[in-house]
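Notes for the one structure printed next.
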Amino acid sequence: MEILIKGLRFLVTQDDERRILRDKDILIKEGIIEKIGNLRESADEIIDGRDLVAIPGLINTHTHIPMTLFRGVADDIPLFPWLNEKIWPMEANLRPHHIRAGTELGILESVRTGTTTIFDMYFFEDVIAEVFKEFGVRGVLASAIIDFGTPECKNFEECLKIADSFINKWINDPLILPCYGPHAPYTVSPSNLVEIASRTGSWIQIHVSETEGEVKDIKGKYGKSPVKLIEEVGVLSKRTVLAHLVWPDDEDLPIIANSGSLVSHNPISNLKLSSGIAPVPEMIEKGVRVSLGTDGAASNNSLDMFEAMKTAAIIQKARKMDPTVMPAQLILDMATRIPAEHLPWRIGRIVEGYEADIVLLNTKVPWWNPLHSVISHLVYSAKSTDVKYVLVKGNLLYDGSFRAKGEEKIYEEAEKSSIDLLEKSGVTSMLNSM
Ligand SMILES: CSC[C@H]1O[C@@H](n2cnc3c(O)ncnc32)[C@H](O)[C@@H]1O
Ligand SMILES: [Zn+2]
């Protein structure tokens, strides 16, 4: 199967020189970018690139995909009451069919907004992986572990067993990278974290130092910061993703930098849950590798990486009272090539030999004109509705319509699942009275 993207207005390579090419074609063969240049006219499928900008598919490094089902039902409260009083009671009733419906909606939203690789942490991750495969999206998927249990396991031992078999099942899949997902240092004990970290070569995703309260509690209980704690139990490595890190202390940053772990910065969730603003420029200055995520749709309330990019840039400019911090090129790197460098796939750039994870954006809209700087427009002006085509591994997933499944059916099933979960936990929905 060959796809030819002809005569692109701009091609943002994200290569080492950050070249932006004009009037070029991309030939994709068997999922790989075979050639970039002024190429021939024929292929199995041809996309007219005249008004389009090509960028590498965006990489969302932290979310909980099925939480689309809880969008808008737990707003305007901080993290701990959000979890304890709202989210966990609703999640207690989750079953695999709800997970499937919420995942389908979350993938549809992600793909339509230009995301091609999703880092997820949730329950029934096996069902989530199945949907990722069916829809053809790349997933870095973590099976959730909490000491007091989750909707699919009663205690730590059961959660770990499920996570072990999830990893064994998916370890050789070309689209899925399976991980352990210990929830946080306040929900998984140090000795249990040791057990997870002892699984050699394993990938781990964990929430850490998200709120000031968490840091105070952990320091009070263990006499050290959450970062120091997880370092001592062996959780930090190049294969670890630390979600949030809003409240690191001065000693934490060199520890993380030396470990090579990736920090997922989730600015919109941090603002909305009033967790704070992560010191991202300081992290980068100390050599910490930082990428971008949305967090779940119950705390964001969308999965839109264009919103995440713009927000990540502008909040730091105000926080530091310095417009030069977090320039647009750095932001785009955080959403593409930086996280890609941690992964076992050649993605995050549009260069020959890389896998064809490509997003094409329409520039025939007012906010892309005049077009003096493509990178500036991508971060500060573009809207996710500009996304016109999405390819993962050379497969066209979106071309104005979602190819894997009808959108109406996805909305219907998600609504049914969401109402069911809300009713079971006694939450009233506007939909019931309509
Ligand atoms: C083991 S991960 C799934 C678990 O995490 C909850 N969750 C979602 N967002 C956050 C967040 O920002 N901080 C902490 N925990 C979060 C989710 O609701 C699941 O229970
Ligand atoms: Zn999260």
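Cβ coordinates are placed from backbone N, Cα and C, and glycine is handled just like the others.
Listed in TrEMBL:
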type: BINDING; residues: His62, His64, His207, Asp295; note: Zn(2+) binding site
type: BINDING; residues: Glu91, His183, Glu210, Asp295; note: substrate binding site
type: DOMAIN; residues: 54-396; note: domain 'Amidohydrolase-related'
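Annotated features taken from TrEMBL, shown on the structure.
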residue	record	contacts (Cβ under 8 Å, 6+ apart)
His62	Zn(2+) binding site	Phe119, Met121, Gln205, Val241, Ala243, His244, Ser264, Asn266, Gly293, Thr294, Asp295
His64	Zn(2+) binding site	Asp120, Met121, Tyr122, Asp295, Gly296, Ala298
Glu91	substrate binding site	Phe123, Thr150, Pro151
His183	substrate binding site	Met121, Ala144, Ile145, Ile146, Ile206, His207
Glu210	substrate binding site	Leu79, Ala184, Ala243, His244, Leu245, Val246, Trp247, Asn270, Ser275
Output field, Zn(2+) shell: CB within 8 Å of site CB centroid, site His62, His64, His207, Asp295 dropped = Thr63, Met121, Ala243, His244, Ser264, Asn266, Ser269, Gly293, Gly296, Ser299
Within 10 Å of the Cβ of Asp295 (Zn(2+) binding site), how many other Cβ atoms are there?
-> 28
Mapped DSSP class for Glu91 (substrate binding site), helix or strand or coil = helix
Under 6 Å from ligand 1 by Cβ, which binding-site residues from His62, His183, Asp295?
-> His183, Asp295
Please report the number of other Cβ atoms within 10 Å of the Cβ of His207 (Zn(2+) binding site).
-> 26
Distance filter, Cβ under 6 Å of ligand 2; input binding-site residues Glu91, His183, Glu210, Asp295; output Asp295
